[in-house]
Amino acid sequence: MPANSVSPVPQMPTNSVSAVPQMSLRVTMSVGVVAMVNHSAIPHVSTSHVTICLNASGDLPPPSAGGNSTETAPSSAGARVEDGEYAWDEFTQGLILSSFYWGYTVTQIPGGYFTERYGTKIVLGVSQGSNAILSLLIPAAASLGAPWVMVVRVLQGLACGVIYPCLYPTLGRWFPTNERQMALGCINGFTAFGIVTTSACSGLVAASSGWRAIFYITGGVGVAWLLAWIALMHDTPADHPRITERERRLIASGNATKRRTERRPPYLQMLRSPPVWAIVITECANSWGLTYLLTSLPTYMKHILGYNIRANGLLSGLPLLGRGIAFCGAGLAGDLLLRRGWVTTEQIRRTAATLVTGGCALLLLLVTFVGCQPAVTTFFFFMAGFFNGFIGTGHLVNSLDIAPNYSGSVYGIANFLANAVAVLNPIVTGAIIRGHQTMERWSYVFYLGCGIFCTALVSYQVMMSVDRQHWDKQEDIYDAPDDIDEKKGVSNSIDVCMEETAESNGVSKKADR
């Protein structure tokens, strides 16, 4: 950080881990459904590649005589032990995995508005409490049938949908403009690491204690986190009981984000803004690709690469590990490059978007060419996650550039439309694969993702901007008393810096004497 920067503590660790339990509750079903389903009870037209791909887990079923079979391929004793109790076919599994996004999509735009209006602490606190309790209900819902699991997952989606719209107003209120990439990178990096840990532990827990324990443990952790959130979280620097005046002034320096918005978000003007659509289209591609990693990858690793549940839980989290590394590294590097004046904000945004969309498109294409090489395929998925992590310096933070006051609403629109598209991902994947667990069918899935990323690459480069939009500046007319006090801190922060410089000069002169 530069000399004049401030690390908002405890807000930085609080915000950094705020999305971890929420996202962990989101991904438990991806590994959980693999352990819940009795795969040997589902008829498959073709499972030839399960018998071909040899991997380090050692679960290689014996080959069938003809390569293809109208019945489920024979499996080893270990594989039979791992089978669950529900005969849900691929399409039903796709509906279960997709149902989360049905609810998740609905609360994106309201989440941004409520956070801008009422603050993050209440909105995200209610969200987390609801999500944790619903996780505890999943085993009971499963015993009633797949539709009840879908109902619970829809409700979890409704609760979870406010996370990212909550994030951007909080960043705008708590971090100076030259530290936001670092802050966003750390928050998303911690989130990715939390998902990796959850994915790995879910596989181990399912293998040792059964799949129900996955949901009981993550739900309990979510309740514990809620208590910490209530104790440590404060919406703005002005609300924090232990912040110093110097810290408050430095945070306010150059910060255009208001404490609370007074007007309703100008949605029609946002929807007519090309920079907003650049963010929307790129986020649609990002959500489509991320849904592959969060929902479909464990199934692909089981049926095509042949990994058992323990290895599946560990290896399916590797792309998220790469994503977390890139998030943290790119955020720190982006802020450093901007402070040194080596690049412009626009150059960083364009470069990052190219790495995200172009890199992911290339790697999904390469997966279709490597054939039955589990180690190489797993590495390509890891690198796809790594390239995806550059969104922290690309379109993901672009909403703070163009609309610091309405960043939550802008990202709410983007995430609403993106998840409306992502809802279709597990359903489309299940429809393509249904009854044909082969590399050829999965290749069609990856070709589709490659095309979506290429479309986003071109669209973002054509329409993006880093200039603050006129409809966001209109909010500056409505200044509440608290906002006036915050703006006084902007000019006062210069005095603080001058005082520090004078004090240091005085010390050095005394030393010379």
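Along the chain as shown, residues are numbered 1 onward.
Every residue, even glycine, has its Cβ placed from backbone N, Cα and C.
Per TrEMBL, the features are as follows:
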type     : residues : note
DOMAIN   : 24-468   : domain 'Major facilitator superfamily (MFS) profile'
TRANSMEM : 122-142  : transmembrane segment
TRANSMEM : 148-171  : transmembrane segment
TRANSMEM : 183-207  : transmembrane segment
TRANSMEM : 213-232  : transmembrane segment
TRANSMEM : 314-338  : transmembrane segment
TRANSMEM : 350-370  : transmembrane segment
TRANSMEM : 376-397  : transmembrane segment
TRANSMEM : 409-432  : transmembrane segment
TRANSMEM : 444-463  : transmembrane segment
Sort out the residues at least 6 away from either end of the transmembrane segment (314-338), same chain, that have Cβ-Cβ distances under 8 Å to it, and list them.
30-31, 178-186, 188-193, 195-200, 203, 293, 297-298, 301, 307, 345, 348, 352, 378, 381-390, 392-393
Contacting positions for the transmembrane segment (148-171) when only residues 6+ beyond its ends and CB under 8 Å are counted:
15, 18-19, 22-23, 25-26, 29, 95-96, 99-112, 114-116, 120, 123-124, 126-128, 130-131, 134-135, 137-138, 141-142, 180, 183-184, 187, 235, 257, 399-400, 407-412, 415, 419
Which sequence positions outside the transmembrane segment (350-370), separated from its termini by at least 6 residues, show Cβ-Cβ distances below 8 Å to it?
282, 285-286, 289, 330, 334, 376-377, 380-381, 383-384, 387-388, 390-395, 439, 443, 446-447, 449-451, 453-454, 456-457, 460-461, 464
Report the listed stretch (183-207, 213-232, 376-397) having the maximum count of Cβ pairs within less than 8 Å of the transmembrane segment (122-142).
213-232
What parts of the chain pack near the transmembrane segment (376-397), using Cβ distances under 8 Å and only residues at least 6 beyond its ends?
180-181, 184-185, 188-189, 192, 278-279, 282-283, 286, 289-290, 293, 297, 301, 305, 315, 318-327, 329-331, 333-334, 348-349, 351-353, 355-356, 359-360, 363-364, 366-367, 370, 411, 460, 464
Limited to the domain 'Major facilitator superfamily (MFS) profile' (24-468), I'd like the whole-number average of pLDDT.
79
